[in-house]
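Asker: Have a look at this one before I ask anything.
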Amino acid sequence: MQKLIIHGGKPLKGIINISGAKNAVLPIMAASILTDKLHITNVPKLTDVSTMKELLKSHGAGIEIIEHENEFELVINAANINNLTADYEIVRKMRASIWVLGPLLSRYGKAKVSLPGGCAIGARQVDLHIAVLKAMGAEITIEDGYINASTAGRLKGTHFIFDKISVGATINAVLAAVLADGETLLFNCAREPEIVDLCNCLNKMGADISGIGTSEIRINGKDSLSEASYRVLPDRIEAGTYMFAAAITKGDLKLYGIDYHIIENIALKLIETGIKVMPIDNGVQVTYADKLNAVNLETNPYPGFATDLQAQFMSLMTISQGSSIITENIFENRFMHVPELCRMGADITVRGNQAIVQGVKGLKGAEVMASDLRASVSLILAGLSTDSETVLHRIYHLDRGFQNLEKKLNNCGADIKRV
């Protein structure tokens, strides 16, 4: 099994180009089921993207891959879907597989989707997905680990209030409603930029969606959608990770291809710690200043601080001056990186959904193990901050969400080897 060997102590300096957003491209790929052909550009080279390609092919879609040095183009032809079952062997690899449920049901009136897998960071149940589809008239049962959904005729437009904000359920609801009969009003929706990107793509395909980027989305269902081309937005989680990498290594990085407004909440939190963050043309520059202050953090739905950056921020706080409290409000069991950081000398105490981080003078290299995608990159950041060697095991998580991470960091002065 592969591992990373990280020799830290080197300030990162240089330029990093941000890849397309994983959390946008996956639902957009699922949206291809709603039309005959969809051309997607700025697609990142990730194992999760490969898994979604495998899933779409299993349904009968044809996929043309146009490979460039730093991205893919995908041309997905879903005119001949012939299998409405999303099999466990594929779905277990990635929770985003659940997003084929809404499109299959809406276009074909039937779907059978295995209960999903992915990172082990909490229950993340599908109850809200099922509830909103039932509100549209679907008949749904769960048997033998599969969601069985069907509808007599088209799904019906509905008014639905999400009991809690859910990115995944908002996505499935939108994907189902665009071909439903009548108007759908969704309340208490997630507002993430990746949902905005999905809605913009669907509108380019001929959907009628308004309220995009707000908590109230209005969808007038269409009889069909048309072919379209769409470029995926840049990955704010990747950008935030490299912003923290500049800070934790006392470096100076310029990140290009990212819109500052979608990372502004990250920038403001870094500025609060004493790091210098400046918008530049088509990107952002992050520069270490004189010190790193400890600050508190709470994860919340967008526009709050992203849970997908919590672990990386915690790594930064382990070497800050003072004590910080990090509160995880989105997922339970998302502090699995804490014991590994403590192996490197961090001083962290977990109490429920809070982690109290007492900054130390510096971390020490150690052998550590990644439990999930975001934990893996947080341990890389920690390793980069040390003046010794860190060995990271179970790095298969990393390739699910970060394209060419070692190459991008090594080009800026890091010393990371995959063996």
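Just so you know, the numbers here start at 1 and follow the chain as drawn.
Just so you know, glycine gets a Cβ as well, placed from its N, Cα and C.
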Asker: R95, D308 bind UDP-N-acetyl-alpha-D-glucosamine in Swiss-Prot, but which of I76, I280, I326, I330 does that record place at the same site?
Answerer: I330
Asker: From the Cα of R95 (UDP-N-acetyl-alpha-D-glucosamine binding site) across to the Cα of N23 (phosphoenolpyruvate binding site), what is the distance in angstrom?
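Answerer: Cα-Cα, rounded: 11 Å.
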Asker: Among all protein chains shown, how many Cβ atoms are found within 10 Å of the Cβ of K22 (phosphoenolpyruvate binding site), not counting that one?
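Answerer: The answer is 25.
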Asker: Around D308 (UDP-N-acetyl-alpha-D-glucosamine binding site), which residues of its chain at least 6 apart sit with Cβ under 8 Å of its Cβ?
Answerer: N23, I237, R374
